[in-house]
Amino acid sequence: MQDLLDSQIKPAKTINDHNGQPQDRRKAMQKRTFTRWMNVFLQRRDPPLKVCDLFTDIRDGRMLMALLEELSGCKLLYRFRSSSHRIFILNNISKALAFLDDRHVKLLGIDASGIADGIPSVILNLVWNIILHFQVKEVMGGLRRHLSSSLSSLSLSTYPSTSDLSPQTGDSDSYTCNTLPRKGKKAAKEPKYHSKAIKTLLHWVQRCTSKYGVDVDDFGASWRSGLAFLALIKSINPELVDLRESWSKEPTENIQHAFMVAHQCLDVPPLLEPEDCTSPDEQSIITYVSMFLGCHSVIDEVREV
């Protein structure tokens, strides 16, 4: 009888996200990447703090307030109240969310209850929007203005024309990122990303990698071979990478080498695992790639703004 019942049970259907990969795998990748990203900043505190389980450690609001202090330079923890009572926990989280709302960080679908309950989708969405605002948007905003004002003085044979970065009609702060010099002159594609900061980050990556013959169209499949990571490193310090050897190597070997060199020579923390790049999660790739903005050559560009 049990065998008959077992035979009638259909296997659970795997739910895929919009990129075609299982949601559980994507969430696990984001959880690991976002946790490592948070710990980069939390370890700067005195004494250092560390998130071990993102979905648990963030629930009382303390880690969230500490992270926002490091990112913004503002004091928040003095408003934290340690308590096991839900009303005080919700109050702690609400203070952090109000701080983010004042800085126009997107909080759609994010509330104190979801965070206090440890709902993975709510917490991942929260941390992603914090990364997008403090890690990507603030720096890329300055870099976008720098690029748009400086490209007119650069060689047209090496870089795109200023029209490639000019505001689109009807949008004074929107830029295209699909008309870069490419090997073989591929047809231009419609921009995939709606965020101006992400489009500018992609544009910067394309400028860095295209001169070495490495095409980057997105923050997904373009990173599977590892060549994009290596070309990005080479654009920052040409002595660190020999791309001629990398073209014939396996993707995993290229990725491992890129992560090691980035960590040891550029002080870019290893937020990803090599296997993450076999089926990349775009938010995780963006989080890692944005860490290269801290390298000296890019910081020098941004400081000129």
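Heads up, the Cβ atoms here are built off N, Cα and C, so glycines get one too.
Owing to the predicted nature of the structure, the values given are computational and were not obtained by experimental measurement.
Feature list (source: TrEMBL):
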- 154-167: compositional bias 'Low complexity' (COMPBIAS)
- 168-179: compositional bias 'Polar residues' (COMPBIAS)
- 28-135: domain 'Calponin-homology (CH)' (DOMAIN)
- 195-297: domain 'Calponin-homology (CH)' (DOMAIN)
- 154-191: region 'Disordered' (REGION)
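Note on the domain 'Calponin-homology (CH)' (195-297): DSSP counts are 70 helix, 0 strand, 33 coil. Per DSSP, the domain 'Calponin-homology (CH)' (28-135) is made up of 71 helix, 0 strand, 37 coil.
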